[in-house]
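J.: Take a look at the following structure, please.
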Amino acid sequence: MSSTSGNTESFEEFYTEVKEIEKRDSVLTPKQQIERLLRPGSTYFNLNPFEVLQVEPEATLDEIKRKYRRLSILVHPDKNIDDSERAQHAFEIINRAWKTLECEVTRKKCLDIYQEAKERTDHMIEQKRKKQRKEGRLEEGIPEDNPLKYSHAVYVMTMKLFADMERKRQHLETRDMEERKRKREAEIELEEQSTMEKEWAKNFELEDFPIWYE
């Protein structure tokens, strides 16, 4: 029974590795790159510039730049005349990702998110192990003991944190817009009130009233 279980796990690991290789190889064509960047849910995935440029967070700036150039050539509208509109959209996504990682400040923010994702994942794993230890099931292990599944867990957490950051940014942006709108409405109200007072003063100046003499 244990042999069958081990063979099944080995096959799953092999299958997962094969699919990962296929994924890496399949995104080399312009059409597939455009599809990857514009696929359903891409707005969520494209928040992570490392994901967009298909580079590891540990990659050097030179490595990131080389990958950016390669991808930008692949999806450039001039190279995809039959699908130029979508290619332009994909090209802009790649450019945004590069600008984010090219800037030291924003790249550090992205690296901080990745580091936080690893720390949260490690904490989650530790909590799972504590629970197993308490229940006397420590020898069973956990899914994240598999390096591929650990990487996937970090990946999912990273995406969640990027999404959280984007929601916070949108919230602050909306709040700022509403605040500016309120200030502008208050300014308009004051301007209208001032105009009305000036009109009133102009129309009801004392000399406009008849003077009665005894």
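Using N, Cα and C of the backbone, Cβ positions are placed for all residues, glycine too.
From a predicted model like this one, the values you see are computed outputs, not experimental measurements.
According to TrEMBL, the protein has these features:
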- 48-115: domain 'J' (DOMAIN)
- 123-144: region 'Disordered' (REGION)
J.: Tally of helix, strand and coil residues over the domain 'J' (48-115) according to DSSP?
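T.: The domain 'J' (48-115) comes out at 57 helix, 0 strand, 11 coil.
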J.: Can you give me the average pLDDT across the domain 'J' (48-115), rounded to a whole number?
T.: 94
J.: Using DSSP, how many residues of the region 'Disordered' (123-144) fall into helix, strand and coil, respectively?
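T.: Helix/strand/coil tally for the region 'Disordered' (123-144): 18 helix, 0 strand, 4 coil.
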